[in-house]
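Undergrad: Let me give you the structure first, and then I'll get to my questions.
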Amino acid sequence: MLGSFVKLNNGLKCPQFAYGSYMVNRTKCFDSVYAALQCGYRHIDSAQMYHNEADCGRAILKFMEETGTKREDIWFTSKLNDLSGYKSTLSSIDASVKACGLGYIDLFLLHSPYGDRIESWKALEKGVEEGKLRAIGVSNFGPHHIQELLDSHPKIIPCVNQIELHPFCSQQKVVDYCESKGIQLAAYAPLVHGEKFGNKQLLAIASKYNKSEAQIMIRYCLQRGFIVLPKSSTPRRIKENGDVFDFEISKEDMEKLYNLDEDYHSDWNPCVSPL
């Protein structure tokens, strides 16, 4: 497999390097996930909102069957789209487990803070109790959203907060808060959807290490300790994105990359929502 693991606050080891399936064309999702698994990816990230849980699951099952890989050796993440309360969320958990066909989901996240997050969280806790979910967390939550959840005295503390993270978007207040609570950060859109390719400083650092801009941004997130979820539907780039474990960015260059921060969000940013 590619990369190492991060230990979550519930004791589980989660592969740090993941394949992100957001915005992967549905006609290409199965093949792209299968290609990622062939390249050594062992963490696949999906969501109800992506409408590809079934395609991801089929690719994982095919890979398991053809290689003899055990279910416990592949980590599957998905996310709840509609936070409509306890009963609705219980049904949504069942729907996701059925859709992926994997028997259980390793990590299930509240996709955003919008909706009834407290009651929906209680349903996720029930999913863990019933063995349908192994770990639970949140996505796009700001410190105030998480604190509200913690103030409700949950049985389970969120394991992960998945937010947009890359050199141009440090979200340091969110990172600092989560780290103070033992919540693992996961970086989506680590490549900024390509919107910052061509940046002179990024290009200079990429040239120095004889790596692509994408590889530098992925490596940056890994060295920050984040779970990282690069996305591509091109087999060559899927492989290239994983070729980031044969070098290390120096402390000086990590600081240069960090200083590129301009609070640039390539996607939505519910972290700042007052609701």
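Placed from the backbone N, Cα and C atoms, the Cβ positions cover glycine too.
Grabbed the feature section from Swiss-Prot, which reads as follows:
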- ASP45, SER139, GLN162, LEU191, LYS196, SER232, SER233, ARG237: NADPH binding site (BINDING)
- TYR50: active site, proton donor (ACT_SITE)
- LYS79: site 'Lowers pKa of active site Tyr' (SITE)
- HIS111: active site, proton donor (ACT_SITE)
Undergrad: Using only C-alpha positions, which one of TYR50, LYS79, HIS111 is spatially nearest SER232 (NADPH binding site)? These are the recorded positions in the record.
TA: TYR50
Undergrad: Ranking the recorded positions LYS79, HIS111, LYS196, ARG237 by other Cβ atoms within 10 Å, which is at the bottom?
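TA: Across LYS79, HIS111, LYS196, ARG237, these recorded positions, the one with fewest Cβ atoms within 10 Å is ARG237.
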Undergrad: With the cut-off set at 10 Å between Cβ atoms, which of these binding-site residues ends up with the most neighbours? Options: SER139, GLN162, SER232, SER233.
TA: GLN162
Undergrad: Within 10 Å of LYS79 (site 'Lowers pKa of active site Tyr') (Cα to Cα), which of the recorded positions HIS111, SER139, LYS196 do you find?
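TA: Neighbours among recorded positions, in sequence order: HIS111, SER139.
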Undergrad: Far apart in sequence but close in space: which same-chain residues, 6 or more away, have a Cβ under 8 Å from LEU191 (NADPH binding site)?
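TA: Those within reach of LEU191 (NADPH binding site), by Cβ under 8 Å and sequence separation of 6 or more, are HIS166, ALA214, MET217, ILE218, PRO230, LYS231.
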Undergrad: Pop the Cα-Cα gap between TYR50 (active site, proton donor) and SER233 (NADPH binding site) into the table, whole Å please.
TA: 14
Undergrad: Cα distance, TYR50 (active site, proton donor) to LYS196 (NADPH binding site), nearest Å?
TA: 24
